[in-house]
Amino acid sequence: MEAANQIGSVLHPKKAHAAGSCSGTLGSHLARRLVEIGVRDVFSVPGDFNLALLDHLIAEPELNLIGCCNELNAGYAADGYARAKGVGACVVTFTVGGLSVLNAIAGAYSENLPVICIVGGPNSNDYGTNRILHHTIGLPDFTQELRCFQTITCFQAVVNHLDDAHELLDTAISTALKESKPAYISISCNLPGIPHPTFAREPVPFFLAPKVSNHLALEAAVEAAANFLNKAVKPVLVGGPKLRVAKAKEAFVDLVNTSGYPVAVMPSGKGLVPERHPHFIGTYWGAVSTSYCGEIVESADVYVFVGPIFNDYSSVGYSLLVKKEKAIMVQPNRVTIGDGPSFGWVFMADFLTALAKKLKRNSTALENYRRIFVPPGIPLKSGKDEPLRVNVLFKHIQNILSGDTAVIAETGDSWFNCQKLRLPENCGYEFQMQYGSIGWSVGATLGYAQAAQDKRVIACIGDGSFQVTAQDISTMIRCGQRTIIFLINNGGYTIEVEIHDGPYNVIKNWDYTGLVNAIHNGEGKCWTAKVRTEDELTEAIARATGDKKDSLCFIEVFVHKDDTSKELLEWGSRVSAANSRPPNPQ
């Protein structure tokens with residue numbers, strides 16, 4: 001994992017530059033800092049306020065500038081990059097670019113991803129002059145963009161003086177890494193190339209102090225949790241999405257090994273818990289859990305939720321049968337035992353490691369699961385020329401997964417179908433459940449594939465989502481990426497249909513392969529196929545993993561508009577019920 005993920009370690013360049021080689025400018029300093037923290041690719045859209053800064057980023061030999069088709073996709077790409085690399089970065093121009101990238105940065109904030117969002121700002125002389133600038137809303141107040149970013153970033157640096165630029169840049173970057181949230185940096189367009197004494201030497205490697213638990217609180221939390229669990233008859237463990245931000249995945253697996261408890265994963269935590277572990281029992285998602293997993297979790301007398309997020313989506317419209325008095329909630333810096341005490345400044349990895357040493361081994365719930373478990377049914381064999389079914393499609397996707405692949409699941413029915421994929425060891429998996437922004441996956445696939453070049457990305461994208469952000473297929477081809485995209489063409493916003501149907505959920509059908517072929521335009525490696533039957537799917541996958549394995553492969557899959565997972569049908573009806581609750585009596 002890159003240096004940015006190692007809190008407590010020194011962040012330093014992989015390759016030292018010769019002494020005195022630093023040009024001594026803000027632009028070169030920022031470029032080196034990005035390299036130091038593990039960024040090798042920066043996603044950008046040029047605009048007149050950031051052009052001089054982009055020159056300095058291009059001049060850094062260890063930095064690769066990737067031009068995207070729009071700012072929203074540049075932000076989504078930085079999000080996907082941060083998932084694979086530990087930190088990501090994007091560069092846009094003032095206000096028209098900043099307000100366009102805003103949605104992507106909000107999504108990164110919701111998913112606890114350190115993304116450095118850099119904006120080329122107005123000339124430093126224009127601040128406070130009562131002038132009206134282009135790219136603004138026509139008022140002499142330049143703070144509109146800043147005010148928008150204040151609620152979705154952990155630190156905001158407006159750099160319009162060179163004297164404090166060094167401090168602001170370093171504070172913004174280190175805060176993003178420490179808090180695992182995006183940071184906003186605005187740099188006046190006339191400053192990147194001006195030498196200044198504070199940038200006279202190579203950036204000094206800076207140290208992120210390790211977070212250390214309060215020792216007394218840690219001891220008390222472990223004692224209380226161990227007493228609670230050691231009295232339990234059939235305890236279970238459930239891993240959640242905040243395992244990532246707490247950097248506690250290894251400690252969690254050690255606890256699973258030691259305790260003997262069965263382990264499930266919340267839907268938004270998929271990919272963070274090894275699914276080939278002998279104690280793994282599936283996804284806990286209330287009424288739409290993996291078969292037999294929900295029953296084991298909800299019938300336990302104690303459940304330990306590690307890094308959970310409970311929202312209306314993950315709780316299936318607030319319908320989970322989880323009782324507070326039976327739960328131990330382990331958050332990144334706090335532990336709460338049932339209805340009883342809560343312990344602050346106790347960090348997740350410290351707690352899990354210490355707890356593992358205090359537990360009596362108990363495999364009762366795991367044995368119960370193995371006793372009642374029946375393997376899931378195999379999809380019915382397709383007849384000759386029978387229209388392709390979604391469950392058959394995902395049976396074939398399952399077969400091409402390995403430790404050298406990663407799955408990107410778009411918001412929609414791909415959430416539910418990809419949840420059922422059993423991930424091989426080291427197979428990556430990413431989706432955006434908390435924010436749930438349709439179209440996220442196109443940019444995220446671009447960014448993830450650029451960061452994790454040792455893996456082949458397999459992206460499952462619905463047609464409605466693809467229409468939002470399709471342009472950056474162009475950037476994937478320019479970067480020589482070899483992703484396989486399964487475009488699921490069912491004529492609409494299927495997830496919305498199952499929550500609340502209406503004519504607004506039907507979209508204009510495109511010739512998706514024709515569009516991608518037009519974007520390809522004979523430059524780079526790209527191969528497309530249309531698939532309507534299982535035989536055609538088998539042939540397309542054989543080519544994508546065979547003679548086209550070094551190309552971007554775009555497979556358009558035609559399925560019936562009502563062919564959805566049973567989990568989406570159940571989930572949609574429950575979320576719909578939650579959305580349509582009448583007002584409480586006043």
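The backbone N, Cα and C atoms fix where each Cβ goes, and this holds for glycine too.
According to TrEMBL, the domain 'Thiamine pyrophosphate enzyme N-terminal TPP-binding' annotation covers 25-130. What TrEMBL lists as domain 'Thiamine pyrophosphate enzyme central' is 222-339. Under the heading domain 'Thiamine pyrophosphate enzyme TPP-binding', TrEMBL lists 432-557. Summarising the annotation, TrEMBL assigns Mg(2+) binding site to D463, N490, G492.
Averaged over the domain 'Thiamine pyrophosphate enzyme central' (222-339), the predicted model has a pLDDT of 93. Residues in the domain 'Thiamine pyrophosphate enzyme TPP-binding' (432-557) partition by DSSP class (helix H, G, I; strand E, B; coil) as 57 helix, 27 strand, 42 coil. Over all protein chains present, the Cβ of N490 (Mg(2+) binding site) has 23 other Cβ atoms lying within 10 Å.
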